[in-house]
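What TrEMBL annotates here:
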- B:350-380: region 'Disordered' (REGION)
- B:12-29: transmembrane segment (TRANSMEM)
- B:35-54: transmembrane segment (TRANSMEM)
- B:61-79: transmembrane segment (TRANSMEM)
- B:91-110: transmembrane segment (TRANSMEM)
- B:117-134: transmembrane segment (TRANSMEM)
- B:179-198: transmembrane segment (TRANSMEM)
- B:229-253: transmembrane segment (TRANSMEM)
- B:265-293: transmembrane segment (TRANSMEM)
């Protein structure tokens, strides 16, 4: 039973981190209609900055700077590259492929700098653990759950209560109508991207801290698991991203936890389990759990 | 807009003949390195044409192409080899292509319903799940180390180096030289079948689907059937490319068929220009040959270090990736119809300039297709 609780708690922590990344996908998608394939590299960029800067600035300073820098990079990428391709829905598909090119550029450069190294981020949790009744959890996991909850709550509040959030929701509903109502699409979009970038840099901290050995070049690829999480919930739905992330995190943790019982599926199935779950969901609901039906118009 | 080049070529059979002869010459003059670049390019071109049909013409974003390539490559290696049924290689190759098609067909419950970006991510799942299967199903795939690929034999003629060396016109014909002609034949087959598909009813139906599903359905296009069929046909081209790749590599390993390979193929059709056979071919040659050439000439290129030199320097593979990442971004933002569109614009420009000399009325500029009618000026 403790084994089960361990796995569930691990799954929740993992899901909380995926939620940071998946929420980023959703914010960017709502703002621009673009699915950002460069998100993993943005995450790696944030993590790399923290790893390089934490000796000089301390962890908090490095984190703050990395979050700001990643947000600025993401916002600039959208404002100065993607938006050149147009703001309408048709060009959003093309821009999705542009982000693949951006990802190749960013990842190649970061991977070249990181090489085969494992970079510590200097986070304050280290490898400390806490006893919670019968189960033992790593502090970094608890921090992941707490920080993610707070941050995600803040993002939802931003959506709900600020004028930027209102503009974003209006733009996602109907681009032209929003533009006619005086929403500055370009700015709102870039703002969404910047927010997503900040979330990615934050997620990098938890993906690279204990029990992971540190930041490596493949850390960004782990963020790919947030793809199924975002799709599963329905790309345009923040709540869906949250639900999808928890589902994916739990699935992954449970599959890894009960690997010996699930031997038929082969070793390392935990890594691909999110995708299997996503395919099953898409078979039943082609636009995700919380995705709208979308009426066809001619 | 999709099939100008093949159309233009068939109108001038002499040009085709010339091209065919020119493509038959390299094995007599170039060494194995260049032939291998050509082989990989041809295999990539076959796969890219398949993906272009699916993503360019039918508008279904697919990131799962590497999976179907893997089915073709592993299908051939298993069916023709030991352990495995040990079928005659030609039959194994045909079956491997059909197997890839069947895999595409099995995916059709998803492909027929899921759309746009959702489909892209759903196909991403195929790559990861497929890679997992390749790693774990040891008895069929050989696990992490992969398995060797038996050479193709056609009526007693093996596409591999033979012991009494075959000499044609004073040139020894090893595996590369022989495979070159096989690749050429398969590529020609792909070029004409895909061109025919695009020009005919199916191509128009798929393009209609891409532009508006509802409108296409009203015009009598069976939406789900055509979406699935596009997937099956595209997978079969991918399977064919996989077989040719396996023959060229002589060994198949799971790590080759990763997400990066899928992205390579997407880059090919994007750089070449979506929805055109010629564009996909040009993109395939660009993406395939670039890293190999950069590696070969690393020591003569400025700013590029030799492979395996000091850490932090820009190696040839990295330089190639920078170039092609930048190519994707620039092509899509400044020339969204790719190399194919650029070539067409240059041709139209030349054609417009020529009639000036007889001093007739200036030719009115040709009407721009809807996709090219962007407000933005094209800047070089």
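Backbone N, Cα and C atoms are what each Cβ position is placed from, and that goes for glycine too.
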Review point. Can we call the transmembrane segment (B:229-253) and the transmembrane segment (B:35-54) in contact, meaning three or more C-beta pairs below 8 angstroms at a sequence separation of 6+?
Key: yes
Check your understanding: Sequence gap of 6 or more, Cβ distance under 8 Å, 3 or more pairs: do the transmembrane segment (B:179-198) and the transmembrane segment (B:61-79) meet that?
Key -> no
Practice item. With a Cβ cut-off under 8 Å, give me the same-chain residues at least six positions beyond the ends of the transmembrane segment (B:265-293) that come close to it. Key: 1-6, 36-37, 40-41, 44-45, 47-49, 51-52, 55-57, 62-63, 65-66, 191, 194-195, 198, 207, 316-317, 320-321, 323-324, 327-328, 331-332, 337-343
